[in-house]
């Protein structure tokens, strides 16, 4: 450092080198999460993505509060205070909606920050729950060699002949029921079925068996 307190050229270059390595790792992780962070691709990466999204609210609020307490100017203090209030209100709204959805479904997927829709499919005496990113009046089920996929997501093993006749989509304010309207087999224990919305109401979905749900998430 020079006598007047400013950094020398070599010190600036060394700092850039250090941060360049760190940011290269950070951006690589962000790229992986954005590229593969979908339930239809990798459930493990998707859960990691949800964890990062969940941490962004308190991190944003903490930074805004810190900027409001230690401002660089009066304008930045006012703006930081407004941003902190907005973060707090939105985070509270997220928890309210998530708790309402949890009371309706009993699934920890209710706290998914990316979606407030849950697809509930009864299979083999339990109900498998997956987050539904896109809301739709119809859902397509594909069974390939005894393995079920719905809305692009894996639901584990399920025989084509044992497909449920009704599935549900849960939201914080409503539970939507979809019934099978068409099915077509195309091989041994394989086929396609279409479920279409036919009723909605303010009622709860039957509780799930948590251990089996977690086991399916790890599958």
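Even glycines carry a Cβ here, placed using N, Cα and C.
Taken from Swiss-Prot, the feature topological domain 'Virion surface' covers 1-18, 71-78, and the record attributes it to sequence analysis. Annotated transmembrane segment per Swiss-Prot: 19-39, 50-70, 79-99, in sequence order. Annotated topological domain 'Intravirion' per Swiss-Prot: 40-49, 100-219, in sequence order, evidence recorded as sequence analysis.
Sequence-distant contacts of the transmembrane segment (50-70), counting only residues of its own chain at least 6 positions beyond either end whose CB sits under 8 Å from a CB of the stretch, comprise 33, 76-77, 80-81, 83-84, 87-88, 90-91, 94, 111-114. In this model, the topological domain 'Virion surface' (1-18) carries an average pLDDT of 66. Remote same-chain partners of the topological domain 'Intravirion' (40-49), defined as residues 6 or more beyond its termini with a Cβ less than 8 Å from a stretch Cβ, comprise 32-34, 114, 151-154, 217. Across the range of the topological domain 'Intravirion' (100-219), the DSSP-based residue counts are 22 helix, 58 strand, 40 coil. Assigned with DSSP, the residues of the topological domain 'Virion surface' (71-78) fall into helix, strand and coil as follows: 5 helix, 0 strand, 3 coil.
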